[in-house]
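I have placed the structure first, in the form of structure tokens, so that the comments after it can refer back to it.
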Amino acid sequence: MKIVVDENMPYVEPLFGALGEIIPVNGRTLTPEQVQDADVLLVRSVTRVNAALLDANSKLKFVGSATIGTDHVDLAYLAGRGIPFSNAPGCNATAVGEFAFIAMLELAARFNSPLKGKVVGIVGAGNTGSATAKCLEAYGIKVLLNDPIKAAEGDPRHFVSLETLLHEADIISLHVPITRTGEHKTLHLFDEARMMSLKPNTWLLNCCRGDVIDNQALIKVKEQRDDLKLVLDVWEGEPNPMPELVPFAEFATPHIAGYSLEGKARGTFMLYQKLCELLAIPATKRLSELLPPFHFKAVELEQAPDEKALLQLARFVYDLRDDDAVFRNGFARSNGFDTMRKNHKHRREFSALALAYHGQSEVDWLSNLGFSGVGR
């Protein structure tokens, strides 16, 4: 069995090595010739999976995408050919939620404007938006959720209109899929008028899809509104972001919010489980067996951390400033965006860091944030 796989997917060999011949490829430049005799195709969001790619292949048994979204996959085409498909919903939700939360802590420290006491509006209450809300609520932050689709489906959580969210939120974090048409279109959801209407000193974070924000309009808005603070992990025109936009962001990264070691491993692992199910063979591997030990055994707390100390704990796990510096130095180089993604050092999630503290009830919120070993 030939398994064609994006070369940037981790843990492919230990998970799939016993199932067939693994053929690593560049996902962004994948050609029909490279997949014409594949039995299994494993991709990420950089690969367009459609008739143009797969028409020459008559033996494909399974397509898997180690992603939350599926907008890069022609699902109707696969269904029409009877090719099973699976993605990995929620695989990197924790990573994105923690990235957004850490970015807010970093902004709070940079501008001496505590996160505690602010109101955060989350646009899109799916996996990543919910994970962001979980972090914020664990820390005691008021969260407003906007998701008209979830609301219409009967989701029991309380939702507000986008207009209410824009009026009340001090911080806005975007977590919607890209939808280009229809009643709930998200393409350029944040256009010039909407961004100009934001409250003074709003923080705007985009960790979903670059074109949810009109990037050209964002440049115009920032030229008029220095009070608007930006965290941009995604960009219109990826892998070629607008060079003039980058300096306007307080933190800028190359679409790596979901790039935790746990999240990336979880995405590959979910596809492994699905393929084993399809082949009717037992899934004998375990996710926990793949992850290396964290470089800190534990951090002992003498007292419950304040916001400054919480940021330091977060930096033990992931220092956003490092990725920001790498991005600014490398995004304009030839293939710089994709090279940074490919070579990104795998950060860990909060769960990798064990905290020891005698008064456990005072730090239950750290457990809810995701840190392990809290209390003793």
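Yeah, the Cβs are placed from backbone N, Cα and C, and that goes for glycine too.
Positions annotated as active site by Swiss-Prot: ARG209, GLU238. Per Swiss-Prot, active site, proton donor is recorded for HIS255, and the stated evidence type is sequence analysis. Annotation comment: Swiss-Prot describes SER45, THR67, TYR259 as substrate binding site, evidence class sequence analysis. Here Swiss-Prot flags ASP147, ASP233, GLY258 as NAD(+) binding site, drawing on sequence analysis.
In sequence order, the recorded positions near ARG209 (active site) (Cα within 10 Å of its Cα) are ASP233, HIS255, drawn from ASP233, HIS255, GLY258. Packing around GLU238 (active site) is summarised by its Cβ count: 17 other Cβ atoms lie within 10 angstroms of its Cβ, all protein chains included. Listed in sequence order, SER65, THR67, GLY69, HIS72 are the same-chain residues at least 6 apart in sequence whose CB falls under 8 Å from the CB of SER45 (substrate binding site). The substrate site, placed at the center of the C-beta atoms of SER45, THR67, TYR259, has further neighbours from the same chain whose C-beta lies within 8 angstroms: ARG44, ALA66, ILE68, ASN92, HIS255, GLY258, GLY267. Residue environment of ASP233 (NAD(+) binding site) contains 27 other Cβ atoms, counted within 10 Å of its Cβ in all protein chains. In this structure, the CA atom of TYR259 (substrate binding site) is 17 Å away from the CA atom of GLU238 (active site). Shown in sequence order, VAL123, GLY124, ALA125, GLY126, GLY129, ASP155, PHE159, VAL176 are the residues of the chain, 6+ apart in sequence, with a C-beta less than 8 angstroms from the C-beta of ASP147 (NAD(+) binding site). DSSP assigns THR67 (substrate binding site) to coil, not to a helix or a strand.
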